[in-house]
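Student: Among the features that Swiss-Prot reports, active site, proton acceptor is placed at D636. Under the heading ATP binding site, Swiss-Prot lists L521, G522, G523, G524, R525, F526, G527, Q528, V529, K544, citing sequence analysis as support. Residues annotated as compositional bias 'Pro residues' in Swiss-Prot: 307-318. Per Swiss-Prot, the feature domain 'Protein kinase' maps to 515-770; the stated evidence is sequence analysis. Here Swiss-Prot flags S152, S355, S401, S408 as phosphoserine, drawing on similarity to another entry. The region 'Disordered' feature in Swiss-Prot is assigned to 146-460.
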Amino acid sequence: MSGTSKESLGHGGLPGLGKACLTTMDKKLNMLNEKVDQLLHFQEDVTEKLQSMCRDMGHLERGLHRLEASRAPGPGGTDGVLRVDTQAGWPEVLELVRAMQQDAAQHGARLEALFRMVAAVDRAIALVGATFQKSKVADFLMQGRVPWRRGSPGDSPEENKERVEEEGAKPKHVLSASGVQSDAREPGEESQKADVLEGTVERLPPIRASGLGADPAQAVVSPGQGDGVPGPAQAFPGHLPLPTKGEAKAPETPSENLRTGLELAPAPGRVSVVSPSLEVAPGAGQGASSSRPDPEPLEEGTRLTPGPGPQCPGPPGLPAQARAAHSGGETPPRISIHIQEMGTPGEMLVTGRGSLGPTLTTDAPAAAQPGKQGPPGTGRCHQAPGTEPGEQTPEGARELSLLQESSSPGGVKAEEEQRAGAEPGTRPSLARSDDNDHKVGALGLQQGKSPGVGNPEPEQDCAARAPVRAEAVRRTPPGAEAGSMVLDDSPAPPAPFEHRLVSVKETSISAGYEVCQHEVLGGGRFGQVHRCTEKSTGLPLAAKIIKVKSAKDREDVKNEINIMNQLSHVNLIQLYDAFESKHSCTLVMEYVDGGELFDRITDEKYHLTELDVVLFTRQICEGVHYLHQHYILHLDLKPENILCVNQTGHQIKIIDFGLARRYKPREKLKVNFGTPEFLAPEVVNYEFVSFPTDMWSVGVITYMLLSGLSPFLGETDAETMNFIVNCSWDFDADTFEGLSEEAKDFVSRLLVKEESCRMSATQCLKHEWLNNLPAKALRSKTRLKSQLLLQKYIAQRKWKKHFYVVTAANRLRKFPTCP
């Protein structure tokens, strides 16, 4: 019994052990299957690599065969004959080449001389046009008449007769008005005449006044003149004493006595301007126009003074040495501009070249000038005979005078020096004026003398202004020369509307916009772009009409709208509205009228310099950098998808986001579209794309801008793609000969097959080629608009600060000083 039971138990335990063994066996088989699968995958990878290696070896073998074929020598007999023939013809070819080089050099020199001549003529024409554009002198020259010679309607026959007699008594060396007109056409004489006067001004007595004037260091008091006041027997040369009739009328008619001065005294705060083309050097015969009435009032306090220039008559008897020291001989006509303010008892006379000096009013008593004897009213510069006060200076001359005055860098400094050297008996006072107070105050014109104190030597102001004018001409800023080319490096203008989030409207576009079907701005695989106008605002826009045939097409349009809703940059086109219909979708976008960048490249009339390409490329990189910051890939960058804002500027906007995609780092994106000429190698190989894909296209565009050629263009699309896959390109020797190494380095670091080796948009913006634009502009002899605007801003700030200083000082003078 016990034996049978044990046997039965042994047989029952065997099935349990078998099941455990089978389970273990299954696990091992599964593990073996997994390992076999891994081996198979590894084998496939190895096979692919071997196949690619075989293909590379095949390419290498074909290349070696081509190289051997190109180096293989020809038949022995014919080769020797050909070498002898070619060697015999070499000297003749060299001589012809040398002759051609000499002829080309001669022609180049001639063309360069002709170009310089044409440039000089252009600058001269521009200068003459700018000078006479708003001047009445042009009318005088064209009409052949001299209006200031005409008698005033208010002049009596007796006065006209006296004027004719006085004009007949002039010396022969006095210039006529016609001579003044002819000399006004030669601006080159101005600097010579100013230099002559600058050499003689050192022998003149100094100007002693409370206002601004010439530099005190430039004038030396001559011996024998106490305190710079001429004696009773001294007078300036070439001056006639005031007529007796004028002396008799002076105390009776003060308004007529004002006519004896260089300028008519207008209302307080008004400015009197003398045209730069109508004033001449000192002459003789000046006392004839002293007592003429003034029937015609001045407009804005301006007047022309032709004929002999302002003279300073005084008592007769000046010796010949003083005469030579004052006039320096017969001086030809001189062009100048005067601004005079008559708001205070001591009038300030201002020249347009930075010279300021006081003039004496007619109501100053003669007792204030001890040691000086003469008729009343002789303390001011007198007006030449035949001068008409009714003639007006053009508005441009008044603006030119103020501009030239403000361009003098030593104006404020000279004012402070002159104040320090003022006489103890004089005290500056604030001139009261209405609207012109701020303008004139900035130039330091609001100074006068206290009543009862005269100007000891007002006549010296006429000659002391000449060297200051000549110095101001030499101080012309370097930005004022004509003929220098200015490049607009300013950023692209923003869209004429605020950035908005656009949603598709299922209405007709004609409800709110007027589309010009006949005016096509562009087109492509998507459809056409027409110009349109918003009916409510009249805003010019562009309507991109996209044909849709399937649901996928509509999804692509919505993807483009979603991407453009995220873009708000000046170098990226902005979306304004969107409409959807049964067969099409319409995107209303910002409108620019400069045309495609591709047209700039292909236009033979438009020559792109390297600096132009730098400006274009920098803006392209800025737009691409903004896209990549928002994780957007354009994937269709090409010159046709870059628009210029205008026909001549360098501002661009990137368009056409139909192929753009949102980049997600965890997702692998593959695309198989785009223009073959600008595709990156990873797109051709249908591999994963990323930000470097756009940078490859930027490199191709830069290459085309620099050379006008395409680096990978083949005869067919297949050949083009083969060049791209092999990254087969080089710098064309002819087109890249004169370009900088920085430009070549920029392109070389973008057209790299390995994506990780290409520069990013941030690195491109930091590249040396796209930076330091002022130095590049200086080397290419051009100027940047940003530099001009910066200089203008700095000058405005400087003069504004000076204006505040002068205004504050003038306000402080209002407070009475303690006794």
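Please read every residue number as a count from 1 along the shown chain.
Placed from the backbone N, Cα and C atoms, the Cβ positions cover glycine too.
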Student: So among L521, G523, R525, G527, V529, all listed as binding-site residues, which is physically nearest to the residue listed as 'active site, proton acceptor'? Use the C-alpha atoms.
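Tutor: With Cα distances computed to the residue listed as 'active site, proton acceptor', the winner among L521, G523, R525, G527, V529 is R525.
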Student: Which residues, in sequence order, are found in the same chain with Cβ within 8 Å of the centroid defined by the Cβ atoms of L521, G522, G523, G524, R525, F526, G527, Q528, V529, K544 at the ATP site, excluding those residues themselves?
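Tutor: Other same-chain residues near the ATP site: I545, I546.
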Student: So among the binding-site residues G523, G527, who's got the most Cβ atoms within 10 Å?
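Tutor: Sorting the candidates by Cβ neighbours within 10 Å, the top entry is G527.
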Student: So, in DSSP terms, is G523 (ATP binding site) helix, strand, or coil?
Tutor: strand
Student: L521, V529: which of these binding-site residues has the sparsest Cβ neighbourhood within 10 Å?
Tutor: L521
Student: I want to verify one value. Collapsing DSSP to three states, which class is D636 (active site, proton acceptor)?
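Tutor: Looking at the DSSP assignment, D636 (active site, proton acceptor) belongs to neither helix nor strand, so coil.
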Student: Look at each of the recorded positions, R525, D636, and point out the one with the fewest other Cβ atoms around it within 10 Å.
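Tutor: Lowest Cβ count within 10 Å among the recorded positions (R525, D636) is R525.
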